[in-house]
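Record features (Swiss-Prot):
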| type | residues | note |
| --- | --- | --- |
| BINDING | HIS80, HIS462 | Cu cation 1 binding site |
| BINDING | HIS82, HIS125, HIS523 | Cu cation 2 binding site |
| DOMAIN | 30-146 | domain 'Plastocyanin-like 1' |
| DOMAIN | 408-542 | domain 'Plastocyanin-like 3' |
| CARBOHYD | ASN76 | N-linked glycosylation site |
| CARBOHYD | ASN112 | N-linked glycosylation site |
| CARBOHYD | ASN185 | N-linked glycosylation site |
| CARBOHYD | ASN296 | N-linked glycosylation site |
| CARBOHYD | ASN323 | N-linked glycosylation site |
| CARBOHYD | ASN373 | N-linked glycosylation site |
| CARBOHYD | ASN383 | N-linked glycosylation site |
| CARBOHYD | ASN400 | N-linked glycosylation site |
| CARBOHYD | ASN441 | N-linked glycosylation site |
| CARBOHYD | ASN545 | N-linked glycosylation site |
Amino acid sequence: MVFPIRILVLFALLAFPACVHGAIRKYTFNVVTKQVTRICSTKQIVTVNGKFPGPTIYANEDDTILVNVVNNVKYNVSIHWHGIRQLRTGWADGPAYITQCPIKPGHSYVYNFTVTGQRGTLWWHAHVLWLRATVHGAIVILPKLGLPYPFPKPHREEVIILGEWWKSDTETVVNEALKSGLAPNVSDAHVINGHPGFVPNCPSQGNFKLAVESGKTYMLRLINAALNEELFFKIAGHRFTVVEVDAVYVKPFNTDTILIAPGQTTTALVSAARPSGQYLIAAAPFQDSAVVAVDNRTATATVHYSGTLSATPTKTTSPPPQNATSVANTFVNSLRSLNSKTYPANVPITVDHDLLFTVGLGINRCHSCKAGNFSRVVAAINNITFKMPKTALLQAHYFNLTGIYTTDFPAKPRRVFDFTGKPPSNLATMKATKLYKLPYNSTVQVVLQDTGNVAPENHPIHLHGFNFFVVGLGTGNYNSKKDSNKFNLVDPVERNTVGVPSGGWAAIRFRADNPGVWFMHCHLEVHTTWGLKMAFLVENGKGPNQSIRPPPSDLPKC
């Protein structure tokens, strides 16, 4: 019983904080295959410790976490600790060929990092190939000793992980797509804590049940681990109070629908204030680009009030329509940093590096792509499709290796056009391994501009090594003179993954106070595969704690 054990561990941490403050937390992740049946189909999947989803990591703020990852499968493996700042410990960040070479079959690597200045819901996942479809789990960071939540303490906490499921092997799915030059097949189901819920013409194979008691409040730690789709999340007859996103507290607000993009986390309180019974939990996709294919199936689970007979009919709900842009915007526009004395919003007011990055698709020639009419769909930032190196970029930077990358990533698009209007006739991109160099402690603004090339689309952009403030969002083309005057520099939401709206833009700001090489990419796995990614190289500072630490002795070799 995975979740009761997690709850006991959580209670133990809360009950004995003096024993765990600044403690060392040790975990072993055995990466193994397991035969699993979902939607009346059985296949082998890659897992951690034979669990899907994988085990939850529990820690307090200031704890040091050591995870020994042992690779027992045929694939190369790496694990990313999504949202952990990794201050000066980039060797533990995890993206393959960016901060480390992957762990080869039969080998192991100990990820060693300290949780500094963070508390809340984060998650971990594989960061190579498409393995994160099944190799993922939660990270729960509890506040440090003597520091309560800035909201009423819930009766219980529950991790809820949303994902996708393919009947076919996911590596086969992506490899076939790359050979054809076309988009991969969409998933066959969405899942809630590993289960799709009701599936027509398929007998029930178990589903997730959230057990509650009338009159009590529960904290849901919600994670979108789906590969390619933003999701709406609802519970029939209940409303949420959102209190945190991406492990940063927000001004609480009430909603009946949560929007969560791949890579994002949302923590919300829900009160069991309805009449006893069973209530449907639903997760379904949001996609307001009419030409982009999605898996339109709804994953379901159940809220079960104590004392309710299992045969009691479940009260139902319907998620918003797939193209419910107004619902999505209402949720996103409600997010504000707490900006209190204890949790200030330290937004950079002045900017040293003002960057405009276009994010979108392109089409390159491909002589072997017969199914794609000898063309391949690609993705790019500022028209550069990122070329993955064969040596880890952080290693190349630290040891001054040459010929691996260049530091001339453009600050602005080299080709200016009506980004959200009619696409240019030439949709080809440049393929290169280019980084953008930042001096230590410099302030950065990045405007992420979607393009209509091939198709406008939402892009959940994730930045490793930093949190950032979302100071502005808009539709159409970004206008630096008009739109910057409307920026929120007082209490903008702080997070690590931002949803760039379809046919629009998002403006983020952060301080480059973490030396190393830090990946930035779309968290739609198909777009990352196609090349929508780049990296920042943050130089060492001059102070004693402003340089990246030496690499560990067991760092994997390429």
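Glycine residues also receive a Cβ, built from the backbone N, Cα and C atoms like all the rest.
Values in this document were obtained by computation on a predicted structure and should not be read as measured data.
Projection of Swiss-Prot feature records onto the structure.
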{"residue": "ASN76", "record": "N-linked glycosylation site", "Cβ within 10 Å": "20"}
{"residue": "HIS125", "record": "Cu cation 2 binding site", "Cβ within 10 Å": "25"}
{"residue": "ASN296", "record": "N-linked glycosylation site", "Cβ within 10 Å": "12"}
{"residue": "ASN323", "record": "N-linked glycosylation site", "Cβ within 10 Å": "15"}
{"residue": "ASN373", "record": "N-linked glycosylation site", "Cβ within 10 Å": "11"}
{"residue": "ASN383", "record": "N-linked glycosylation site", "Cβ within 10 Å": "18"}
{"residue": "ASN400", "record": "N-linked glycosylation site", "Cβ within 10 Å": "6"}
{"residue": "ASN441", "record": "N-linked glycosylation site", "Cβ within 10 Å": "17"}
{"residue": "HIS462", "record": "Cu cation 1 binding site", "Cβ within 10 Å": "23"}
{"residue": "ASN545", "record": "N-linked glycosylation site", "Cβ within 10 Å": "9"}
All-chain count of other Cβ atoms within 10 Å of HIS523 (Cu cation 2 binding site):
27
Compute the centroid of the Cβ atoms of HIS82, HIS125, HIS523, then list the same-chain residues not in that set whose Cβ lies within 8 Å of it, in sequence order, for the Cu cation 2 site.
HIS80, TRP123, HIS127, ARG132, HIS136, ALA225, PRO262, GLY263, HIS462, THR497
State the count of C-beta atoms found within 10 angstroms of the C-beta of ASN185 (N-linked glycosylation site), not counting that atom itself.
16
Determine the Cβ neighbour count for HIS82 (Cu cation 2 binding site): the number of other Cβ atoms within 10 Å of its Cβ.
27
Do you know offhand how many angstrom separate HIS80 (Cu cation 1 binding site) and HIS125 (Cu cation 2 binding site) by C-alpha?
5
Can you break down the domain 'Plastocyanin-like 1' (30-146) into helix, strand and coil residue counts using DSSP?
6 helix, 59 strand, 52 coil
According to DSSP, which of helix, strand or coil covers ASN323 (N-linked glycosylation site)?
coil
Among the recorded positions listed here (HIS125, ASN296, ASN400, ASN441, ASN545), which has the Cα closest to the Cα of HIS462 (Cu cation 1 binding site)?
HIS125
